[in-house]
Amino acid sequence: MSVNYTGIALVLNCGSSSIKYQVVDTTQDAPLASGLVERVTDHNEGVRQIIADLSQPGSGVDLSTLTVVGHRVVQGGSEFTAPTVVTDEVEDHIAKLSTLAPLHNPANLAGITAARAAFPEIPHVVVFDTAFHATLPEAAYTYAIDRRVAEEHGVRRYGFHGTSHAYVSRETARLMGKAPEDVNIIVLHLGNGASACAVQGGRSVDTSMGLTPLEGLVMGTRSGDIDPAVVMHLGRTAGMDVDEVDALLNRQSGMLGLTGYSDMRDVWTAADQGDAAAKLGLEVYGRRIKGYIGKYLAEMGSVDAIVFTAGVGENDHGVRELATKGLAGLGIELDLERNDGRKKQATLVSTDASPVQIWVVPTNEEREIALQSVAAVS
Ligand SMILES: Nc1ncnc2c1ncn2[C@@H]1O[C@H](COP(=O)(O)OP(=O)(O)O)[C@@H](O)[C@H]1O
Ligand SMILES: CC(=O)OP(=O)(O)O
Ligand SMILES: [Mg+2]
């Protein structure tokens, strides 16, 4: 979305364990204020603290000038496919969708409740991770299970990180000097949660997360793809109930389960010291990403760019190398020198001869939410 509407938005991105926030004047490139509160246990308290800090003289913002408060909500189900002004009914609906994003929707909701109490006179808008994936073809979102069961219980793929995939793919097209309609892009959003997205002509046509943000890539604490029979097997042989398996796959798996560390910096430190589990974990992580690159290349028929983004994608040159190693035969050739180091700004990291460009493009979910929220109330 280009800047068609002007206004000032406070954006809250309440994650499972952190709150990211920005105050954005849509006419300016840089935010008026931004910050990150980590290790949040009480989101209500966290949001109140952020608002108190921003209210201090010298914070650089005047909260009385806010046009809108924008909120990230992870799961919008089939109902919400566009930015939506918050009402009590909308809040109830987001609460009902919590089973389909158990680490996220409750935190998102706590932030909304706290912010509505602080700013009752200002419109609040929710922007859903799932919305960008509303364009998924039916064949991409349908699981091969009994149709009646699937329909009755809303079992289908939704996809997440859509705000990031939308922002990053559009930004990449711009950097390539192309219209979004004219390029096919694979976005690899590798943060604590991680997902891949096939963006064909500006539209999401496939993505690796599914009914919930558990499917797909290996993540900080989530398994990503496994044989669903693992769940039954653990029920029958380990005597684990559904909630125990849920906790195992969402909170104790992924890099944490494989290596003992969920943060990629710790995993590399261990691997560099010769830790075999850490080395294997990195191989599993990279191999899974490669699998999705191949899948989306095959599905779209041709790809113009592969883009790394989010905490791991932007900062971890070793992961970018693992994920693209040996793909020269597919026209994907990383330039090791260009790739080296952390990337604070958009950087081309492929060789000049590589038919598929490889980019690192920092994501900015908060700015995208600000633009969409201001547009929604204009
Ligand atoms: N310098 C770095 N090198 C490697 N990985 C990093 C670095 N900085 C951050 N990360 C990774 O990024 C993750 C956080 O990514 P982020 O996109 O902020 O996730 P989330 O939004 O899910 O909290 C950390 O858990 C860590 O694994
Ligand atoms: C949807 C999701 O996994 O989000 P995050 O990466 O912020 O945990
Ligand atoms: Mg994130």
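Residue numbers in this text run from 1 along the chain shown.
Note that Cβ sites are derived from N, Cα and C of the backbone, with glycine treated the same way.
Keep in mind that what you see is a predicted model, and the values were worked out from it rather than measured.
What TrEMBL says about this one:
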ACT_SITE  Asp129  active site, proton donor/acceptor
BINDING   Asn13, Glu365  Mg(2+) binding site
BINDING   Lys20, His189, Leu190, Gly191, Asn192, Gly193, Asp263, Met264, Arg265, Gly311, Val312, Gly313, Glu314, Asn315  ATP binding site
BINDING   Arg72  substrate binding site
SITE      His161  site 'Transition state stabilizer'
SITE      Arg222  site 'Transition state stabilizer'
Cβ neighbours of Glu365 (Mg(2+) binding site) where a neighbour is any other Cβ within 10 Å: 25
Annotated binding-site residues Lys20, Arg72, Asp263, Arg265, Glu365, filtered by Cβ under 6 Å to ligand 2: none
DSSP state at Asn192 (ATP binding site), helix/strand/coil: coil
Secondary structure at Glu365 (Mg(2+) binding site), reduced by DSSP to three states: helix
Val312 (ATP binding site) to Glu365 (Mg(2+) binding site) - Cα separation in whole Å: 15
Close in space, distant in sequence - Leu190 (ATP binding site), Cβ under 8 Å, 6 or more apart: Leu217, Ile289, Phe308, Thr309, Ala310, Gly311, Val312, Gly313, Asp316, Val319
Recorded positions near Asn192 (ATP binding site), in sequence order, restricted to Asn13, Asp129, His161, Arg222 and a 10 Å Cα cut-off: Arg222
Entries of Asn13, His161, Asn192 (recorded positions) sitting next to ligand 1, with Cβ under 6 Å as the cut-off: Asn192
Which same-chain residues, if any, lie at least 6 apart from His161 (site 'Transition state stabilizer') yet have Cβ under 8 Å of it: Asp129, His189, Gly193, Ser195, Cys197, Thr207, Met209, Ala310
Local backbone state of Val312 (ATP binding site), from DSSP in three classes: helix
Mapped DSSP class for Asn13 (Mg(2+) binding site), helix or strand or coil: strand
DSSP-derived class (H/G/I helix, E/B strand, else coil) of Arg265 (ATP binding site): helix
Those binding-site residues, out of Arg72, Asp263, Arg265, Glu314, that come within 10 angstroms of Glu365 (Mg(2+) binding site) at the Cα: Arg72
Recorded positions near the residue listed as 'substrate binding site' (Cα-Cα within 10 Å), from Asn13, Arg222, Asp263, Arg265, Glu314: Asn13
